[in-house]
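K.L.:
From Swiss-Prot, here are the annotated features:
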- Asp219: active site, proton donor (ACT_SITE)
- 469-486: compositional bias 'Polar residues' (COMPBIAS)
- Cys42-Cys68: disulfide bond (DISULFID)
- Cys221-Cys238: disulfide bond (DISULFID)
- Cys344-Cys350: disulfide bond (DISULFID)
- Cys372-Cys381: disulfide bond (DISULFID)
- Asn145: N-linked glycosylation site (CARBOHYD)
- Asn239: N-linked glycosylation site (CARBOHYD)
- Asn321: N-linked glycosylation site (CARBOHYD)
- 1-21: signal peptide (SIGNAL)
Amino acid sequence: MRLHAFTLLSLLGLVPSFAAASLSGSVGPLTSASAKAAKKTCNVLDYGAKADKKTDLGPPLAAAFAACKSGGLVYIPAGDYAMSTWVKLANGKAWALQIDGVIYRTGTDGGNMIMIEHTSDFELYSSTSSGAMQGLGYEFHASNNWSGPRLLRLWDVSDFSVHDLILVDSPSFHFSIDTCSNGEVYNMAIRGGNHGGLDGVDVWSTNIWIHDLEVTNKDECVTVKSPAKNILVENIYCNLSGGCAMGSLGADTDISDITYKNIYTWNSNQMMMIKSNGGSGTVSNVVFENFIGHGNAYSLDIDSFWSSMSAVSGDGVTLNNITIKNWKGTEANGAQRGPIKIICPDKVPCYNILIEDFAMWTETGSKQWYSCQSAYGSGFCLKSGSHHTSYAVTTTTVSSAPSGYSAAKMASDLSTDSGSTKSIPIPTIPTSFYPGATPYSALMSKQSTKAAKARAVDMSVETPAAASRSEQVVQGAPQETGQSAPESAGPVPSGNPGPVPTGGSRPSRHRHGHHHFGSAI
């Protein structure tokens, strides 16, 4: 049974009807991890894995998956594991992967360390919220090699979730969601090197909900690529990152019904960018709402002549029905890079662009500019009218701060980047991702701790062995930076979705995908 699906923003009445679409249906796994584990549990230690940071985890993980791929839970207990051969876990159904240990890359092949493909009803998570993949990318980057392996990729996966996982220092991209559907990604921390090409999350899929993530790197924070439809991205903390984006966009672009909401961007390349250079196709029905930025180079940057990508054949990508609403904060230097830059193709001008409640101000100097080219709509430098002809760049310079630009900051804003030539410690997953917004789901470690404490109260019905298991689960809280996850007694099924953020409503999850039970099996 599925919960009734609805479109979040249309219910709230916050945006025009043309841009109200977000999710098109329910997301998440069809059955709970506890039900999968009850059917069968495949512990990688039983297939030859050793938590000694030397023995290759690849073959035992593949063997455990083969035993549980038709229904079950693959379990990687707490501890430190080396991984020198990559795994492609394909054609699974109704299975889960619980990573409570830390996986260290020791191999040097390209490709993807863990790739999940052609799979349905799937969940990937850490019950302690401290399971991690440590890519040790600095070993590549120190010699100027940026083409090493990616950490995690999902391809052709439906009805899934990925949560409570930490991805660190990938030699290349961290997490790609490729041609998937009905998925939820949440409660994650991604910490990469300070260089381009080390993307946080890239998604080109259908009906995906991405929320409550922190990303540190110097390229994509959470970026939508083509083709993509019905994607909701919210409560995102781009903490010294590249910033969120769409693109790069090329030929036959097909992106529609995308919402970014509650996006906090600190000391990054941009708050939001749509990037292309030539090409064809469309981007339509898009909402960028509730953005806070501080210290970023660019704020809103729509660039249809982006020089960092090679020109693609075509008149350009058509952008239409785009709403930019409730942006506040500051940019690094508004005289150098103004807070609004909308540069559209001359042969296919942008239209129906709406900018409202936009108040940004410069941190350096006393003036800033807004710039538009071949762009139509309402607000700032946009031209009005229904006859959309090309026009040259128009720039408006202002020397007084707009009212209401002041915005909150996050207490965890980083003061220094991670560099790219030294080891990056494993962070903890934060419990806040946007000022004033409560995450939709509590961390697994918090849920497990509460459940274990509740179980420990009733000692009259609990055996000494069970009490020991409860105590171990209580210890499964996030660890200090750089430490390994604690040992646990066994797999802990994922569980109850947490509180709804203030003023928001929860998009539909599959009924059985997130009923977390908390205690050990």
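Backbone N, Cα and C define each Cβ position, glycine as well.
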K.L.:
May I ask for the distance between Cys68 (disulfide bond) and Cys221 (disulfide bond), taken between their Cα atoms and rounded to an integer number of Å?
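P.N.:
Rounded to a whole number, the Cα-Cα distance is 33 Å.
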K.L.:
Take the Cβ of Cys221 (disulfide bond) and count every other Cβ within 10 Å, whichever protein chain it belongs to.
P.N.:
30
K.L.:
Anything within 10 Å of Asn239 (N-linked glycosylation site)? Look among the disulfide-bonded residues Cys221, Cys344, Cys350, comparing CA atoms, and list what you find.
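P.N.:
Checking each Cα against Asn239 (N-linked glycosylation site), the hits are Cys221.
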K.L.:
Please tell me which one of the recorded positions listed here (Asn145, Cys221, Asn321, Cys372) sits closest to Cys344 (disulfide bond), measuring Cα to Cα?
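P.N.:
Of the recorded positions Asn145, Cys221, Asn321, Cys372, Cys372 has its Cα closest to that of Cys344 (disulfide bond).
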K.L.:
Measuring Cα to Cα, how many Å separate Asn321 (N-linked glycosylation site) from Cys381 (disulfide bond)?
P.N.:
17
K.L.:
Can you tell me the CA-to-CA distance separating Cys42 (disulfide bond) and Cys350 (disulfide bond), as a whole number of Å?
P.N.:
53
K.L.:
Specify the secondary structure state of Asn321 (N-linked glycosylation site) as given by DSSP, simplified to three classes.
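P.N.:
DSSP call for Asn321 (N-linked glycosylation site): strand.
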K.L.:
Check the glycosylation sites Asn145, Asn239, Asn321 for other C-beta atoms within 10 angstroms of each C-beta and report the one with the most.
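P.N.:
Output for this query is Asn239.
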K.L.:
Counting other Cβ atoms within 10 Å, pick out the least crowded of the disulfide-bonded residues Cys42, Cys372.
P.N.:
Cys42
